[in-house]
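Peer 1: Take a look at what TrEMBL says about it:
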type	residues	note
DOMAIN	14-240	domain 'Orotidine 5'-phosphate decarboxylase'
BINDING	D20, K42, 69-78, T134, R195, Q204, 224-225	substrate binding site
ACT_SITE	D69	active site, for OMPdecase activity
ACT_SITE	K71	active site, for OMPdecase activity
ACT_SITE	K71	active site, proton donor
ACT_SITE	D74	active site, for OMPdecase activity
Amino acid sequence: MTIAPQSPPSPRDRLIVALDLPSVADAERMVDQLGDTVTFYKVGLELAFAGGLPFAAALARSGRQVFLDLKLHDIPTTVERATRQVADLGATFLTVHAYPQTLAAAVRGRTGHEGATGLTVPRGLQILGVTVMTSYSDADLREAGYAEGVSLTVARRARQAEAAGADGLIISAEEAARIRGLVGPRLQLVTPGIRPAGTPNQDQKRVMTPGDAIRAGADYLVVGRPVTAAADPAAAARAIIAEIQAAS
Ligand SMILES: O=C(O)c1cc(=O)[nH]c(=O)n1[C@@H]1O[C@H](COP(=O)(O)O)[C@@H](O)[C@H]1O
């Protein structure tokens, strides 16, 4: 199987808006409000459990890019089969927890799907390994039984994700520069925990502004509440895209 080459994304295409909303109707309203400003959306657990999967498939059919943030983690057979199902929805990204067994199974699930034809295909579903949640500090990891701390754990999982054939990593932008030095250019660095200057961190602990994240080497920024809870979501998204552009 040959993967078709991709051109680098434009500043607008590097912003992924997280549709963490309670219903498909709310998500549809937000997508309408954002209009042409936003091209890439994340559907996560809250919306997925409220009928969000058919909505995500429809969003992909409408020409938007879709990130399915399902954070899979199970025995390898279950993850491989679940990934094969997700590959049919037309999403660009799927998250799995960055454990070696889980990553390898997800890569088999999406590769098997694409490889069935044996033909050259456009780049299909890409697997992102979630390293250490951006809401975690060293102390939170220690409490969960991981003595190594954030920095070493992210580095270990990044190397394992690359070895397993993953397409990218979910990391905090704080780690982006160092992780880019550890893994090759093939891996997409996708960074949540983005907070424009002056916006509250809420439950995020490892945060950066959009401009700093791009300068640190992030390929994509995931932004939820700073856009969706803003008085004018489209204006908030435009301001983030302007920061991405200025830092690119
Ligand atoms: O996998 C993710 O997308 C994710 C990983 C992570 O470590 N931290 C993190 O915040 N996220 C997601 O990114 C989004 C961040 O939302 P805001 O904090 O509202 O910008 C949420 O949808 C989270 O589920």
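Heads up, the Cβ atoms here are built off N, Cα and C, so glycines get one too.
Whatever TrEMBL says is automated annotation, not expert-curated.
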Peer 1: So what pLDDT does the domain 'Orotidine 5'-phosphate decarboxylase' (14-240) average out to?
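Peer 2: Mean model confidence (pLDDT) across the domain 'Orotidine 5'-phosphate decarboxylase' (14-240) is 94.
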Peer 1: Express the distance between the Cα positions of K71 (active site, for OMPdecase activity) and T134 (substrate binding site) as a whole number of Å.
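Peer 2: K71 (active site, for OMPdecase activity) and T134 (substrate binding site) have their Cα atoms 14 Å apart.
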Peer 1: Please give me the CB contact count at 10 A for L70 (substrate binding site), counting all chains in the structure.
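Peer 2: I get 20 for this one.
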Peer 1: Checking proximity to ligand 1 here: which binding-site residues out of D20, L70, H73, P76 have their Cβ closer than 6 Å to it?
Peer 2: D20
Peer 1: Using other CB atoms within 10 angstroms as the count, which residue among the binding-site residues P76, G224 scores least?
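Peer 2: Minimum Cβ neighbour count within 10 Å, taken over the binding-site residues P76, G224, occurs at P76.
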Peer 1: Compile a sequence-ordered list of residues in the same chain as D74 (active site, for OMPdecase activity), six or more apart from it, whose Cβ lies below 8 A from its Cβ; state 'none' when nothing qualifies.
Peer 2: A82, T102
Peer 1: Validating a neighbour-count step here. Other CB atoms within 10 A of the CB of H73 (substrate binding site): how many?
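Peer 2: There are 16 of them.
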Peer 1: How long is the line from the C-alpha of D69 (active site, for OMPdecase activity) to the C-alpha of G224 (substrate binding site), rounded to the nearest angstrom?
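Peer 2: Roughly 13 Å, rounded to the nearest whole number.
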